[in-house]
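Engineer: Okay, handing you the structure first.
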Amino acid sequence: MEGESSRFEIHTPVSDKKKKKCSIHKERPQKHSHEIFRDSSLVNEQSQITRRKKRKKDFQHLISSPLKKSRICDETANATSTLKKRKKRRYSALEVDEEAGVTVVLVDKENINNTPKHFRKDVDVVCVDMSIEQKLPRKPKTDKFQVLAKSHAHKSEALHSKVREKKNKKHQRKAASWESQRARDTLPQSESHQEESWLSVGPGGEITELPASAHKNKSKKKKKKSSNREYETLAMPEGSQAGREAGTDMQESQPTVGLDDETPQLLGPTHKKKSKKKKKKKSNHQEFEALAMPEGSQVGSEVGADMQESRPAVGLHGETAGIPAPAYKNKSKKKKKKSNHQEFEAVAMPESLESAYPEGSQVGSEVGTVEGSTALKGFKESNSTKKKSKKRKLTSVKRARVSGDDFSVPSKNSESTLFDSVEGDGAMMEEGVKSRPRQKKTQACLASKHVQEAPRLEPANEEHNVETAEDSEIRYLSADSGDADDSDADLGSAVKQLQEFIPNIKDRATSTIKRMYRDDLERFKEFKAQGVAIKFGKFSVKENKQLEKNVEDFLALTGIESADKLLYTDRYPEEKSVITNLKRRYSFRLHIGRNIARPWKLIYYRAKKMFDVNNYKGRYSEGDTEKLKMYHSLLGNDWKTIGEMVARSSLSVALKFSQISSQRNRGAWSKSETRKLIKAVEEVILKKMSPQELKEVDSKLQENPESCLSIVREKLYKGISWVEVEAKVQTRNWMQCKSKWTEILTKRMTNGRRIYYGMNALRAKVSLIERLYEINVEDTNEIDWEDLASAIGDVPPSYVQTKFSRLKAVYVPFWQKKTFPEIIDYLYETTLPLLKEKLEKMMEKKGTKIQTPAAPKQVFPFRDIFYYEDDSEGEDIEKESEGQAPCMAHACNSSTLGGQGRWII
């Protein structure tokens with residue numbers, strides 16, 4: 001067997017990173033290895049003084065040297081390669097390298113099919129014809145790798161012969177010093193993996209070489225690293241491979257500076273198997289990186305590797321010493337783990353990332369120290385995973401290939417964070433426990449670079465933009481939303497343009513003015529061109545029908561199932577975004593307000609009330625009332641939530657709770673309650689007066705102190721806050737207070753006359769029906785009740801409305817099913833003749849004539865409205881109110897007048 005192997009030619013495919021050459025000769029390798037071993041021995045025996053002197057002389061000469069890689073690692077590897085070469089040749093035709101995962105089969109044509117069945121299935125089998133002579137059977141590759149190695153054969157032979165001719169001690173020292181100077185120049189530009197080769201300073205200022213570890217495991221890990229790099233080299237484009245080769249050369253030829261300016265050579269390990277495995281694994285790893293990385297990435301990787309290995313360490317006195325190699329087992333395993341993850345990184349890197357590294361990038365070698373803290377974490381993680389088998393490692397690589405396509409596009413340095421927890425271990429183990437200032441600076445620079453480039457490479461989040469647009473549309477369309485999105489139009493200009501359509505617009509809130517300027521001004525101009533006035537108040541039947549038609553048309557246009565989904569989108573969270581997009585796309589505001597001459601927001605409120613499935617559910621039961629009280633005690637005045645819980649509209653529950661919130665009296669009002677009501681209404685009316693009105697009244701009082709104060713008619717029944725009145729009365733709700741005040745006001749405006757009793761009542765009914773028939777309106781909302789009040793007398797409009805409601809309910813059958821014109825026609829044609837006949841009979845019986853109703857007054861003396869029937873009862877109320885001043889028409893209330901001491905109206 002030994003004789004046959006001596007006839008084999010050496011076919012050694014080596015990675016481009018280390019530039020190991022493919023040599024085809026028989027006798028030179030053994031001789032070469034003996035010479036290297038002898039030279040390295042002589043170098044160790046030289047004195048430090050002689051070395052320092054020779055370094056200073058030869059330094060300038062070697063600056064122009066064409067050598068681009070150091071032969072130190074070559075000598076170390078070749079010196080140890082001869083010890084166990086014969087043992088490996090004694091292997092039979094079959095051989096398995098567990099670390100590299102490749103089974104080598106040396107067979108001839110006869111025993112090609114005689115492969116044993118018990119061989120592992122997760123390794124590659126390579127068949128080599130025995131007719132081809134081989135000297136190193138431990139360096140087989142797949143056919144794909146052999147083709148790549150042969151492509152570099154001519155180039156490798158030329159470089160190998162060139163190095164062999166210049167191999168001696170003098171050139172070794174010159175190369176070391178030259179690489180040391182080059183490393184100093186390129187050190188600030190090197191990337192994070194340059195930090196793997198930190199050196200320690202000796203006590204005398206001299207940095208010496210650490211003895212190479214003689215442990216098998218460490219050599220295995222280095223060998224694994226080289227094999228993985230071969231994989232990377234196969235997948236890399238040419239540009240990236242060139243850059244990676246340059247980086248590897250600089251890394252291998254890194255010398256160290258000792259205390260006395262000496263540059264001792266690196267001591268090669270004496271173990272033959274360790275050297276071989278180191279070479280094989282590094283080359284394999286380089287090939288695997290080449291498989292997964294583009295040209296630009298390989299260029300940067302090789303440059304970074306060269307700079308890493310050629311980094312010198314300067315001692316206290318300027319000497320350069322070799323890198324001390326740790327002799328610990330764990331550190332060697334960290335190198336192995338690092339090589340495996342370099343292989344994983346090359347496979348998993350997406351194309352978009354690969355294109356981001358045109359030159360000088362170190363995707364496979366810069367990962368370990370992108371962030372110092374992550375590297376420390378990875379150091380701990382690798383300790384727990386260092387004993388995993390080769391089978392599990394290969395499985396993880398396969399998974400990485402599958403999952404590599406699912407990665408999102410990260411920033412340049414975010415790719416490194418995927419593996420820095422493992423790859424950083426090798427750098428941290430070789431650097432030692434103490435951190436270096438240079439390392440901190442490098443990490444800081446990388447961190448800042450990462451922060452700057454991450455936003456640029458991060459893809460835009462389109463889903464987030466869509467959700468933001470939907471939310472803004474919801475706020476824009478929601479009836480309960482605030483006015484934060486109102487336009488910043490000039491308030492004065494908006495008021496001036498809107499006053500043409502709404503005379504009292506300046507009295508509205510600023511947010512309301514801006515909203516109407518934005519949403520309604522153009523619509524108002526269109527209605528003006530058509531001759532239609534803008535309306536407020538209760539919707540007419542015609543407007544309700546038009547609104548219903550607009551909603552149905554919009555549902556048909558968009559395909560939304562129901563009006564409840566359209567107007568109460570929050571009740572359907574799963575379809576909320578879709579409905580909101582449809583509203584925005586088909587201009588919901590324009591469709592819903594078509595042909596309705598009202599502000600858009602009032603139209604929207606009316607639509608919500610009309611199409612609310614929880615509205616119009618009839619009277620509240622006792623159980624509903626108790627639930628309402630319970631939910632209000634828990635949620636407060638959150639009427640929207642309470643309405644959803646009791647299946648009622650928010651307006652309905654708010655109105656009902658105002659009636660049952662506390663114990664209220666029913667039936668006839670007592671005198672004390674009546675006085676409280678009069679006082680409360682008076683305070684609320686005076687509180688509402690503007691400062692300008694107060695100044696005008698004050699000036700009139702100063703001119704004529706004896707004059708009687710008066711109050712405008714409309715202020716007695718318009719704009720009163722009945723909620724405040726209810727709070728002051730305490731024993732009645734706001735509806736009871738409003739009804740009772742209308743009764744009191746009518747009596748005092750008519751000076752106590754009974755205008756709707758007996759013959760006067762018949763006369764008022766006849767006059768009311770005739771007036772309603774004359775105005776010829778289509779809906780009750782079109783009636784001017786202020787003007788119609790003159791048909792009865794000097795009464796408030798609400799009094800007339802009450803009498804009309806009573807009239808149609810008594811005289812018109814099924815009035816709920818009739819329109820307003822139909823009701824008026826029935827009253828005029830059927831009821832009016834009967835009422836006139838009855839009135840004539842009564843006049844004949846009593847012998848009196850019909851009295852003409854009194855004309856309405858526009859101004860009333862204040863004391864004619866706000867007074868008490870009995871002053872003694874007022875004194876009793878004063879005692880009951882614990883010192884509160886009674887409200888009398890001729891009394892003086894300084895607190896109400898703001899210190900003026902007079903009633904102001």
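Keep in mind that glycine also has a Cβ here, set from the backbone N, Cα and C atoms.
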Engineer: Based on the annotations in Swiss-Prot, which residue of Ser40, Ser240, Ser699 is described as phosphoserine?
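Structural biologist: Looking at Swiss-Prot, the phosphoserine feature maps to Ser240.
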Engineer: Looking at Swiss-Prot, which of Ser81, Ser511, Ser872 is flagged as phosphoserine?
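Structural biologist: The candidate carrying the phosphoserine note in Swiss-Prot is Ser872.
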Engineer: Which residue, chosen from Lys21, Lys141, Lys700, is annotated SUMO2 cross-link in Swiss-Prot?
Structural biologist: Lys700
Engineer: For the set Ser47, Ser297, Ser355, Ser487, say which residue Swiss-Prot annotates with phosphoserine.
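Structural biologist: Comparing Ser47, Ser297, Ser355, Ser487 with the record, Swiss-Prot tags Ser487 as phosphoserine.
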Engineer: Mean pLDDT over the region 'N-terminal region (NRD)' (1-223): what is the value?
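Structural biologist: Over the region 'N-terminal region (NRD)' (1-223), the predicted model scores a mean pLDDT of 48.
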